[in-house]
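K.L.:
Next up is a structure, given as C-alpha cells.
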Amino acid sequence: MKALVAIKRVVDYNIQVRVKADGSDVDIDGVKMGVNPFDENAIEEAIRLKEKGIVTEIVAVTIGTATHQDVLRHALAMGVDRATLVETQDSLAPLAVAKVLKSIVEREQPSLILLGKQAIDDDAGQTGQMLAALLKLPQATFASEITIADQQATVVREVDGGTQTLSVPLPAVITADLRLNDPRYVKLPNLMMARKKPIETIALDSLNLSLTHSVKQLSVAAPPERPAGIMVKDVNELLSKLRTHQGIIA
Amino acid sequence: MRTLIIAEHDGQHLNEQVARAVTAAQQWQQPVDVLIAAAHTDALAAQAAALQGVSSVLVATDASLQHATAEHLADLVVTVAANYRVILAAHSAFSKNVLPRVAALLDVNMLSDVLEIVNQNTYVRGIYAGNVLATVQSTDATQVLTVRGSKFAAAANGNAAGTQTLSVPAAAEGSRWVAEAFNKSERPPLAAAKVVVSGGRALGSADAFAEVLAPLADKLHAAIGASRAAVDAGYAPNDLQVGQTGVVVAPELYIAVGISGAIQHAYGMKDSKVVVAINQDPEAQIFKIADYGLVADLFEAVPQLTAAL
Ligand SMILES: Cc1cc2nc3c(=O)[nH]c(=O)nc-3n(C[C@H](O)[C@H](O)[C@H](O)COP(=O)(O)OP(=O)(O)OC[C@H]3O[C@@H](n4cnc5c(N)ncnc54)[C@H](O)[C@@H]3O)c2cc1C
C-alpha cells in the first residue's frame, strides 16, 4: 500500500523566536529551519511500516517555496521514496493546506495518509482533521501506536487522562503524536544519496483550487514577562515566602 | 444569530471546562446553546441547563453516540450549524479532534486555543509554544474556535434553560471505538488543580515519583505533573505531561522539581500564579520563570519541604 506523508518546514524547535520591532510578524530571517517534529514522527512511522512490508511506497509532500526542498531532502534521506513540492510564495492557513493536500491525495490515491498532530509554529493542530473531512475519510488523531492488518489500522490515541483505541478502515488520515516513535537520525551518506532521489514540483496555481484567506494576522507581540523571581537560600525561607501568599499553603 | 458550545463529558458528568466555554461565549452577546451528544443525556442536559448564561440545551440521544467518533460528531454539528454564528468549545483533546473537522465541513478556518476574545471576530492566541502572542482576525461567516479554559472563569449554576431534541444522523461507516484506558487517580485533575507538583528527568525513576514527589503532592492536595523527558523515560504516565504537547495548567502554585524549563514545558505552566523551582543547576532556564528558586538537590530539598509542611 502507498503512504502519503505531509510535512511542514518550521523554525527549529530549540529556537526561541523574536517579534519584529514593528510587531508585524515574527522575525525568522536567517533562523535555523527543519522538519516539524511531529511530522518527523509521521515520516518515521511510514518508514517502519515499509520495513515491516506493509507499506510499499512512501510519498512526502510539502507546500512552500523552492527553499522548502530541504525538508523533502531530509525525508528522502530518512527513507521516503518520492517527494512532491507544491510551490507557492503564500503562507497558507490549515484549511488551505488541507485543500492542497486533498488534491495531492486524489492524484496519488494513498491508503494511508500521515501527518504530525500539530505544527510547532502556529500550534493550530487542525490540518489532519480538516483533510480527513474534505476527503470524507475516517480520522485518528494524536496516535501513539499504529498497527495495520487487513486494510484496518488499529490506533492508540492520546486523550486527556489516558488513551483511546480506534479501529480505522483504510484509507484514513492519521496524525502522529511525539510518542509514536523516535525518528531515526539521518546519516550524511543517506543525505548524499537523497540528493539523487526525485523531487517533483507542482505550481500551486496549476491545481486550480479556490483558497480563501479568511484569517489575517493583525499583529504579534511578546507575551508579558513574568516579574523577576527571587532565589531563596533554603527550604525554610521558601516556606516562609510561600506563606506570605494568602491561602496557597496552610 | 446564536453561539453553540460543543460539550465534552464522560457520559455522566459535564467536563468542568464546559462552564468556562459558556463564559467565553458571552462575549458575542447572543443566545448561547450547549450541544449534548450521548447515549444517555438526561443527567448531562440537566447539568448544562443549570449553567448561567445558557439559553437552550440541544440534546442528541443515540446509542451510536456512546463512544462517538469525530466523524459522527462533526456530521451531527453540521446539521445545526446554519443557526450559529459561533461554534465553540474549550481546548482539549476532545475538541481538538472534532472542531477542525466541523470547520472544514463548513468550509471555514478555525482558531485553536484562543486566549482572549478581543471582539466578535478578533482573537489573541499563542504561537511558537506561547513565545509569541498573535492577534488574528477571521472574516468567516461562522467562527469556529477553541478557547483556553483557564483564561475564562467558570459560569455559575442556578439556571434552568430549556432543552430541544435533535435528530441524530446515521453514523458514517468509518472508525470504530475499541477501548479506552484512563489512569485512575485520587488526585485532582491536572488541568483544574489548585496546586501542581511536577517532576522532571532528574527524578530518575518511577519509584522516585512515588517516594519523593507523591508525599509532597499528598500534603498539598496537589496534582502530579511531569516533563516530557520524565514521561518518555517511563517515570510518569503520558497524560501527566505538562507543556506544549501535553496539558496546560494554571494552578495557584506550581512546583517544578528537577525540570530544566525548556520552552515546550514552560508553555504549559506559564499561567500558574506562583511558580517554585527546585533545581541543582543555578543556570537552569526554569529559574527565569520561577517566582521562587531554590538551588538544591531535590532528593534532599523535597523531603525537607514535605516534612516542614
Ligand atoms: C515538539 C516538541 C514538543 C515538546 N513538548 C514538551 C512538553 O509538552 N512538555 C515538556 O515537558 N517537554 C516537551 N518537550 C521536551 C522539552 O524540549 C525538554 O526536552 C523537556 O522538557 C526536558 O525535560 P526535563 O526538564 O525533565 O529534563 P532535562 O532537560 O534533562 O532537565 C533535568 C533538570 O534536572 C536538574 N537536576 C538533575 N539532577 C537533579 C537533582 N538531583 N536535584 C535537582 N535538580 C536536578 C538538571 O539540572 C536539569 O535542569 C518537547 C520537545 C519537542 C521537540
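A Cβ is built for glycine as well, from the same backbone N, Cα and C atoms used for every other residue.
Curation plays no part in TrEMBL annotations; they are all automatic predictions.
From a predicted model like this one, the values you see are computed outputs, not experimental measurements.
The domain 'Electron transfer flavoprotein alpha/beta-subunit N-terminal' annotation in TrEMBL covers B:3-186. Annotation source TrEMBL lists FAD binding site at B:Arg201, B:227-228, B:241-245, B:258-265, B:Asn279.
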K.L.:
In terms of Cβ proximity below 8 Å, which binding-site residues out of B:Arg201, B:Gln241, B:Gln244 neighbour chain A?
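P.N.:
Cβ contacts with chain A under 8 Å: B:Gln244.
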K.L.:
At a 10 Å cut-off from the C-beta of B:Ile259 (FAD binding site), count the other C-beta atoms across all protein chains.
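P.N.:
Summing over all protein chains shown, B:Ile259 (FAD binding site) has 31 other Cβ atoms within 10 Å.
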K.L.:
Select the most exposed residue of B:Arg201, B:His265, where exposure means the fewest other Cβ atoms within 10 Å, treating these as the binding-site residues.
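P.N.:
Least crowded of the binding-site residues B:Arg201, B:His265, by Cβ count within 10 Å, is B:Arg201.
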K.L.:
Who sits close to B:Gln241 (FAD binding site): which same-chain residues at least 6 apart have their Cβ under 8 Å from its Cβ?
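P.N.:
Result: B:Gly225, B:Ala226, B:Ser227, B:Arg228, B:Val231, B:Val247, B:Gly268.
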K.L.:
What kind of secondary structure is B:Ile259 (FAD binding site) part of, going by DSSP in three states?
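P.N.:
Its secondary structure by DSSP: coil.
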K.L.:
B:Ala262 (FAD binding site) has how many other Cβ neighbours within 10 Å of its own Cβ?
P.N.:
19
